Amino acid sequence: MNATEPPAAPVIGSEYNAGDIAWTLASTALVWLMIPGIGYFYSGMARSKNALSLIMLSCCSIAVVTVQWFLFGYSLAFSRTGSKMIGNFENAFFRGVLDQPSVGGSKVPDLVFMIFQCMFAALTPALAIGAAAERGRIVPTLVFIFLWTTFVYDFIACWTWSPNGWSYVMGGLDFAGGTPVHISSGAAALAYAIVLGKRSGDQKDFRPHSMSNVVIGTCFIWFGWFGFNGGSALAANLRAAMACVVTNLAASTAGLTWVLLDYRHERKLSVLGFCSGAVSGLVAITPGSGFVSPASSVAIGFIGAIACNLAVRLKHYLKYDDAFDVFAVHGVGGIVGNILTGIFAQSWVAALDGSTVIAGGGLDGNWIQVAYQLADSAAGLSWSFCVTYLILVIMNKIPGLTLRADAHHEHTGLDLAELGEPCYGHHDDKTVDTRVEIGEANSGTQSVESLGVKA
């Protein structure tokens with residue numbers, strides 16, 4: 001190099017470990033994949049005439065929340081000068097969000113942390129709107145997603161994960177979203193189901209139309225959850241690896257537990273039961289995934305599956321129509337996970353990243369942690385339910401934002417009524433043709449079997 005040339009300026013962000021950034025960005029993509037996974041999971045559980053609308057809403061949640069996150073959502077949740085309840089507009093339009101050490105951890109810059117957290121914000125309302133399936137209008141639902149993210153999610157994310165938040169300062173432990181994601185979405189789903197009322201039609205007709213969609217959705221969700229929990233370490237280290245291990249263990253334990261719980265009723269191994277159980281285990285392990293050992297994760301998966309399985313019956317006793325049991329799985333699962341984190345959290349697990357120091361939970365003799373977890377859970381549940389209910393009631397009184405589809409559209413199905421496109425157009429055509437052939441066969445001398453169609 002010529003001695004007269006000035007030294008090269010340091011590359012912006014070169015002080016960070018490239019592996020930590022790469023892992024967090026890869027985890028961002030994994031969490032993104034969970035969102036259409038939720039759409040497929042919900043679409044399979046719905047009737048075919050509403051399947052496409054649920055996939056559409058999940059994907060639109062990404063778009064709506066991404067815009068909200070850019071405008072002011074990220075700033076409200078994570079601005080450095082925010083209050084104990086909510087941030088401010090310091091980082092609106094992503095001003096100043098670039099290469100400073102993030103508020104979530106010093107090992108990744110603000111820009112990386114921002115996009116990672118954006119996926120959490122987009123996923124949460126996608127979970128909640130499952131309670132409104134088959135009867136909630138699409139455009140008002142998109143407006144609701146924007147408002148709910150602003151007045152519910154951003155508040156709870158701030159007090160849970162921002163260094164200024166009251167729960168964070170109190171000492172609450174929530175590694176990856178027990179309260180901001182699961183309890184908040186479960187409580188919102190309960191409020192949505194109550195405000196909308198029950199679906200019209202015979203209860204016996206409300207059955208999954210495509211178990212293959214449910215399984216595909218579950219696979220996307222489970223796969224993405226490695227980034228959801230493992231990525232929350234915000235570094236490629238042993239703590240991230242432990243989070244992935246306990247995530248997989250809890251989901252596996254819970255899936256098997258749910259299958260066995262349902263087996264006692266009909267002596268059948270339920271695919272839907274396994275999928276629901278796996279998701280309940282993923283929910284329950286979320287808050288403690290960076291704090292608990294593998295042995296503890298087995299207990300969390302087992303207890304979480306039992307609690308959520310029992311909670312599914314709540315809608316029959318309380319007579320609300322939570323179409324896909326969002327409150328039972330995510331609300332109750334999140335509460336159980338938070339409490340069990342207070343019991344099973346251990347300081348040596350948190351210290352695997354080389355910097356985090358906690359007093360641990362009950363296993364470490366710090367039983368006051370259970371009280372902190374209860375306080376955080378109760379606050380998140382109450383805030384989400386009350387504010388969600390208020391948003392929905394107000395929206396329902398505004399012309400053009402009526403939440404529920406009219407009876408005709410509900411009978412037709414939201415796919416055709418609001419999207420103008422069926423989920424299975426080609427399949428439906430074949431079904432009609434087959435019925436014609438069967439009718440002709442029955443009216444003539446040719447048998448159904450000779451047409452190659454089983455009766």
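From the backbone N, Cα and C atoms, a Cβ is placed for every residue, glycine too.
Nobody curates TrEMBL annotations by hand; they come from automatic prediction.
Pulled from TrEMBL, these are the features on record:
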type: DOMAIN; residues: 22-423; note: domain 'Ammonium transporter AmtB-like'
type: TRANSMEM; residues: 21-42; note: transmembrane segment
type: TRANSMEM; residues: 54-77; note: transmembrane segment
type: TRANSMEM; residues: 111-130; note: transmembrane segment
type: TRANSMEM; residues: 142-162; note: transmembrane segment
type: TRANSMEM; residues: 182-198; note: transmembrane segment
type: TRANSMEM; residues: 210-228; note: transmembrane segment
type: TRANSMEM; residues: 240-261; note: transmembrane segment
type: TRANSMEM; residues: 268-285; note: transmembrane segment
type: TRANSMEM; residues: 291-312; note: transmembrane segment
type: TRANSMEM; residues: 324-350; note: transmembrane segment
type: TRANSMEM; residues: 370-394; note: transmembrane segment
Touch test for the transmembrane segment (324-350) and the transmembrane segment (142-162), at least 3 Cβ pairs under 8 Å: no
Segment confidence, the domain 'Ammonium transporter AmtB-like' (22-423), expressed as mean pLDDT: 96
Closest-packing stretch to the transmembrane segment (142-162), where packing means Cβ pairs under 8 Å, from 111-130, 182-198, 268-285, 370-394: 370-394
Intrachain residues whose Cβ lies under 8 Å of the transmembrane segment (111-130), provided they are six or more past its termini: 21, 24-25, 27-28, 31-32, 34-35, 38-39, 42, 54, 57-58, 61-62, 64-66, 68-69, 73-74, 77-78, 94, 97-99, 102-105, 136, 141, 144-145, 148-149, 153-154, 157, 177, 180-182, 184-186, 188-189, 192, 228, 231, 234, 323-324, 326, 330, 388
